[in-house]
């Protein structure tokens, strides 16, 4: 009894060691596989690779339970990417994986070759494949079409088998030795890349590893109507395949070396159609181009639209996509500069009709957006949103440097200039520059003396416009006094000087009643009464032409 116990213990230890050796071999094969080299070269594994690593992880690979749990969390994060994906996107990834898992083995592998991003794309691919196969009758292929038909069927099956082997998942035998016994054993399809615009990719199929084709196993997967054929029709089609099987021959070693250098399936999106060919024995079959390729692409887009209910329209200039063709047509006007909608009042043109409607409110005075709190109305919805923040106290725009918050993004941009020191608004008549356009306008009045001078803020965004604007304004070089012919560079200086001739002293001390021509003189005088530097309010005289009132700290 003890001997049997020792033997069982020895067998268990040997079994555990064998399992560990298998796991080590599997990990080494995984690390040395071309896909691992590819992912290490790219810097991070793709979604499919990350999912496989998460599913293939086993407890013996870790040093302990804590390390195993930590490793699982790391692999799961690499697969689902919670830092980039939302909860809905993560849920879609899990549903997509389960959807692919429940598909039949051959069909599942073919769908994985297409790299779908959602379950709706899987549905579109399956419905498209089923319609394509339903359009092909199960008849004996002619000499001209036999090779092409046989290649298309074999490509569908072998692409699935090649995908499963590359993903390191258990592969069920796709081809069996039980039927088509007369088919030569050297028959194989060599991987040559893209075989048509429908995204089907052929992969290598060796009869030594996978056996021969069995119609009874493959037909139900391709389309449900194959199961409705009687035995005579199945045998007839089988004989046709046997007759044309000789055309599927392997390429020589030199050609296989060249084939391995061809781009992968996902790179064919950027490859020109005329550069892609499908080799069949010694014949070269060009991929459909031009109108034929556009027709196939249109069928696939129609299938995707019928399955998902959506269709994307892409701009060739910038790649932006739209759900409706009208949106794409409107977007193209940005590149062409076309503005078909013109205002009848002022002649200003716009790209879209909605922009014209909003502009017309300037002329009509319409303000359809009303605040429910205070009843104030606005012509733009964005203005109403900004106004409502005054009631709610919301300040969504925060400065990264000091943490100060603002209700509008433009206020945050102006505030940033305090930290950066940027002063984009420069006076064209003197070296002074300002952070705000309003400060520039206020400063320009010291040169022109025009109190009503105003230019809208967006107008000053371009420095060239500022320069061209001031070139068109005729301003005197100096301001001359009519009494003594003294000249001044600023009109404010001239006004202060004229008080010398008129004897006007508009700034009066409230304590003793003494008057002064300048507010600075009054401030100095009031310090004699207070004996310290305090806040002083300077009030001009009643009949003063200047009318200056200021508060100094």
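One-based numbering along the chain as shown.
Yeah, the Cβs are placed from backbone N, Cα and C, and that goes for glycine too.
Look at Swiss-Prot and you will find 176 tagged as SUMO2 cross-link. What Swiss-Prot lists as domain 'SCAN box' is 51-133, and the listing cites sequence analysis. Feature annotation from Swiss-Prot assigns domain 'KRAB' to 213-273. For 33, 44, 223, the entry in Swiss-Prot reads phosphoserine, with the evidence type a large-scale study or a structure entry. Sequence annotations record features per position, and here Swiss-Prot assigns phosphothreonine to 136, 206, 448. Summarising the annotation, Swiss-Prot assigns region 'Disordered' to 28-49. Taken from Swiss-Prot, the feature zinc finger covers 313-335, 341-363, 369-391, 397-419, 425-447, 479-501, 507-529, and the record attributes it to sequence analysis.
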Note to self: From the DSSP assignment alone, can you count helix, strand and coil residues within the zinc finger (507-529)?
What the structure shows: 11 helix, 4 strand, 8 coil
Next item on the list: Run through the zinc finger (341-363) and tell me, per DSSP, how many residues are helix, strand and coil.
Entry: 11 helix, 4 strand, 8 coil
Checklist line | Cβ-Cβ under 8 Å with the zinc finger (369-391): same-chain residues at least 6 beyond its ends | finding: 358, 361-362, 407-408
Margin query: Please count the residues of the zinc finger (425-447) that DSSP assigns to helix (H, G, I), strand (E, B) and coil.
Written below: 11 helix, 4 strand, 8 coil
Next item on the list: In three-state terms from DSSP, label residue 448 (phosphothreonine) for me.
Entry: helix
